[in-house]
Amino acid sequence: MERTLTILKPDCVKKQLIGAVINQIERAGFRVVAMKKTRLTKETAGEFYAVHRERPFYGELVDFMSSGPCVPMILEKANAVADFRTLIGATDPAEAAEGTVRKLYADSKGENIVHGSDSAENAAVEAGFFFAAEEVVRSN
């Protein structure tokens, strides 16, 4: 089994879509093995997205991710990273495939409901940013 990290972003929480998005995730065969509701500070959001520090959208991303509560989750499934990225759709909801999370719920490229790790290696690092080992449910 492979794991990936997702974050239901502040726009998802504000629009009261947590349940709808988790339902879509579980219906796609993912198992939630860790989940919490938290609020990132500008500092922690900046640390999490440090890889984008030199990109023009970095400041807006940090501001947005620290603007309200978010829900990080570790998901488990065979081929989790690729399958999850397919489920959520393109970063820009206008370019996302029909039926994807972002096509259904996102308003813009900047406020796009959900983060998904882009590789198994990054998923492991990102999961460790939010969760201690004892917070993760063991696989059966």
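Glycine residues also receive a Cβ, built from the backbone N, Cα and C atoms like all the rest.
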Quick check: of ARG3, ARG102, which does Swiss-Prot put in the same ATP site as LYS9, PHE57, ARG85, THR91, ASN112?
ARG102
Let me make sure I understand the span of the ATP site: among LYS9, PHE57, ARG85, THR91, ARG102, ASN112, what is the greatest distance between any two Cα atoms, in Å?
21
HIS115 (active site, pros-phosphohistidine intermediate) in three-state DSSP notation:
strand
DSSP secondary structure for ARG85 (ATP binding site), reduced to helix/strand/coil, please.
helix
